[in-house]
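Copied over from TrEMBL, here are the features:
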| type | residues | note |
| --- | --- | --- |
| MOD_RES | A:THR178 | FMN phosphoryl threonine |
| TRANSMEM | A:21-41 | transmembrane segment |
| TRANSMEM | A:47-66 | transmembrane segment |
| TRANSMEM | A:96-114 | transmembrane segment |
| TRANSMEM | A:205-230 | transmembrane segment |
| TRANSMEM | A:237-256 | transmembrane segment |
| TRANSMEM | A:262-281 | transmembrane segment |
| TRANSMEM | A:293-312 | transmembrane segment |
Amino acid sequence: MLTIKPSSGPHTGSAIGVGSIMRQVIYALLPATAFGLYLFGWPAVNLLLVTLFASLAFEALCLKLAGKPAIPALKDGSALLTGWLLAMTLPPWAPWWIGVLGAGIAIVLGKQVYGGLGQNLFNPAMLARVVLLISFPLEMTTWADVTPWLTESAPGFYEGLTITFTGLSNPDAVTGATLLGHVKTEWLQKHPLSESLSDFGTLNMWLGMARGSLGETSALLLFAGGMWLLLKKIITWPIPISMLASVAVISGLFHFFDPERYLSPVMHLGSGALMCAAFFIATDYVTSPNTPLGQIIFGSLCGLLIYMIRTWGGYPEGAGFAILLMNSLTPLIDHYIRPRIQGRDRRGRPLEEKMIKGER
Amino acid sequence: MLLPETYKKLAGEGLWHNNVVFGQNLALCPLLAVTGTATNGLGMGLATLVVLVCSNGLVSLNRHLIPAEVRIPVFVLLIAALVTLVDMTMNAWLHEMHKVLGLFIPLIVTNCAILGRAESYASKNPVVLSLWDGLMMGFGFTLVLVLLGAVREIISSGTLFANASLLLGESLAFLETTLIPDYKGFLLTALPPGGFIALGFIIAGKRLVDRRFAARTIRETAGQALTES
């Protein structure tokens, strides 16, 4: 969060604006989203559309109340992206009002009350997800079975509408636990990992053929999308790499010493919200630190918190909580770790004259 | 009711313009801690109201006796004695309410709004005016507590003044209402962050009303000036 106002002097315009960045991020999300829609069928399509539409509607409403022009802000796609990210983290068969309420919390409470795009302290999509998780634990942890499109078990169009708008009639028959949730409940009954993991395959988990949030199941497709963003220079490497590396290193250490209690790094990286959070959520420009060193600290502490919450916390997944906690530390990180000012050293003292002369 | 100008002004200050919460942003700790339901807010508000009126009265009565150098400790002692009385009274006759509000009743001692009124008003003004000031400030505080409690209770559980008869006495049973039957509940508003969020929106609403009034006053005075000229 930069608070410096540009002074006089030559400034050059950038070819990429907010709109094109948001578009690129949505392109990068498309593969994982499309796969999620394929896996979970019409109810997931309904939920995604409802959430996107509600985000745009809330954005327009807030801008109108604030007396600002709505069309330019809607066109830049930031509200669309917030709604998209939120929908990706929701359980795919969640009822419609979860999407609408979540979009309202993200846009109104997470973004517009602070003054709109660029002013918010917390990532709006994660804020909404955590509010929903705390307030509606039942709806937010009902994970639909994988029922790919065009297979027999997939719900039809009308059945999809019924699931989204009136709720599941037989939740126990068509839902189950995610890998992280299953492992957590099994461990509470003192079952070692070799027993509790027997139903879950590592390859399916990385591909995404597993229960989970709408767009978060496929670690591979999310990783590919993230790599594309890195190539396009929309995001930089410090946050995602430090976050994934810290989870991998910590989980590797614990797994090495007690493989029956602690999940392996392969499992940790491939499941839950980690991949989506590392590339698409923690890298939010507004709520992450400015300097590469600050970003590495931010990313590795995010990873540490995720691992701690997953392993010892009350919830099976902690990406949302971890990112919100680190968002609140971002101003502090930016206060202590600043970019070097031109003509001064890292501590802000002027460079010695002969050094400047020598440079000439 | 015809009131002299001073009393009207004091009432306006206490209830709206200089309201303990809206105007001074004081007493936020008990405000956020006990307003999970409207009933709790009402109980806490009334307890604070009693302490505030009595402390204003006592401070004003003794304002010529208290040496200026040690006035704050004396005020605190007076307030502490009053709070102890209220605490024991509630424990005896409103035991259920006392159990719910718990620690926050003794903590009225540290409610900065009470010391604030003693210092800034009661120590400089006659007894009757100070009593009136305490009453209005206390009412203003109670109103905000009940309002915030009601908003949080309605959103979090769909009821209003639940358990009022249990906590405040059988005569208040008529207050208990269920506004939204079969409501699943929105837990966040009952939790501390929900208190902060709801308070933020209520304060923003108050500012909005103030701005509308100011704009209207400007328009009216401008209109008068035009017709006069």
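Using the three backbone atoms N, Cα and C, a Cβ is placed for every residue, glycine included.
Quantities reported herein were computed from a predicted structural model and do not represent experimental measurements.
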Query raised in the report: So which of A:21-41, A:96-114, A:237-256 has the most C-beta pairs under 8 Å when paired with the transmembrane segment (A:293-312)?
Result: A:237-256
**Report entry** Three-state secondary structure, A:THR178 (FMN phosphoryl threonine) (per DSSP)
**Finding:** coil
Report summary line: Per the Cβ under 8 Å criterion, with at least 6 residues separating them from its ends, the transmembrane segment (A:205-230) contacts 24-25, 27-33, 35-37, 39-40, 44, 47-48, 87-92, 143-146, 175-179, 236-237, 240, 267, 269-276, 278-280, 283
